[in-house]
Amino acid sequence: MKMKNQKLIILFGAVLMQISIGAIYSWTLFNEALHNKFNWDISDILLTNSLIIFVFAFTTMFSGRLLDRFGSRIIGTIGGILYGLGLILTSRADTLIELYLFYGVIAGIGVGFVYVCPLATCIKWFPKKKGLVTGIAIGAFGMGSLIFKTVIEALIINKGVSQSFLWLGMIYLILTVTGSRLLKEPSKSHSDKHKENNSTLYTVRTMVKTKNFYFIWFSYLLACIGGLLLISSAVEVGLNVAHVTFTQATSAVIIISIFNTLGRLFWGIISDKIGCRLSAMLMFILSALALFTISLIPINIFLFYFLIAIITFCFGGFLVIYPTITSEYFGLTNLGRNYGLVYQAYGVAALIGPILLKHSNSYTTPFIITGITSIIGLILISQIRK
């Protein structure tokens, strides 16, 4: 098979996998349905989304190591099975503990296995276009919520919220396993063409001894809090801050998905031209402005849509920039393991947002705080040096 065709097949498999696991960004569509059926508190239901993101990020620390050892096909297949199984079991959940265990933990572990495979594999196949190919692969993750929004809404209406998880679990399992079988590590001859200088080779042990690691990790943490908080509670923010109708609020999922994806593609391309550090600094500035605006100025439906577009446009960009930064500063050889550790910042960020929301008794105060964290993130990322 020609090298070009092989690369396209691998990229297609990566996109298929990322679209499937990216559907977790549609969680806001389940909040009201679960609340109406089980009378659970919305803040407790929101924790489910935070939990799956935390578990999935935590899992990447180990799945990255397993990926380096066993390859993307095996790890991706295992992940796809766990992801699908978690949702299938969620269809039987009738307590919050079961919801957290089946969706948050089991499905979260599956997502953590799946996520690292297309990312690391594509970067290895396209070492000269890391920003672009990472943008495409992770951009597909952002598209998942848009592609599955209509499917999820139709299932909730026609099958009920619990049975929706059963059908979605089967769909996701098929798509992720199929995508995994299309992945393949590059041959040794291809890798040798892009052999790294020894000075850029870092293991996890040597990486954590550098100042750059801590600047990158903590700035990544601060970059993600606002975006994750908005994505998980977009409907509630629309209802309580912008005072829009429920239908208008759920339409925010479409905007989030589109601009999350566009941000991943745009910033991936831009970072190849102006560098990851400058790109990240620009995103921190835009994020801070939007987060402060959504919390300090009365907003209508149009401003609501515009601000969530800006926030998710930058949020998507952060998820492209940071794996690329990790590969640039610490090398490609141990990228699976190194980025697995860096990615823990994303998981911790997922837990912070709902905690802020639960203890503030307001949908505006948390966004003031995340605006401040964006400014701190800007300062931190400006400090990294080669």
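Quick reminder: no glycine exception, Cβ is built from N, Cα and C everywhere.
Per TrEMBL, the stretch carrying the note transmembrane segment among 14-33, 74-93 is 74-93. Residues 25, 27-29, 31-32, 46, 49-50, 53, 246, 249-250, 252-253, 256, 260, 280, 283-284, 287, 291, 308, 311-312, 314-315, 318, 322, 325-326, 329, 341-342, 344-346, 348-350, 352-354, 356-357, 363, 366-367, 370-371, 373-374, 376-378, 380-381, 383-384 of the same chain, all 6+ positions outside the transmembrane segment (214-235), place their C-beta atoms under 8 angstroms from a C-beta of that stretch. Sequence-distant contacts of the transmembrane segment (164-183), counting only residues of its own chain at least 6 positions beyond either end whose CB sits under 8 Å from a CB of the stretch, comprise 9-10, 12-17, 19-21, 23, 30, 72-73, 75-77, 79-81, 83-91, 103, 110, 114, 117-118, 121, 148, 151-152, 155-156. Counted over residue pairs separated by six or more positions, the transmembrane segment (363-381) shares fewer than 3 Cβ pairs under 8 angstroms with the transmembrane segment (99-120), which leaves the two as not touching. In this chain, the transmembrane segment (241-262) lies apart from the transmembrane segment (99-120): fewer than three C-beta pairs between them fall below 8 angstroms, excluding pairs fewer than 6 positions apart. Per-stretch counts of Cβ pairs under 8 Å to the transmembrane segment (303-325) identify 132-152 as the leading one among 46-67, 74-93, 99-120, 132-152, 337-357.
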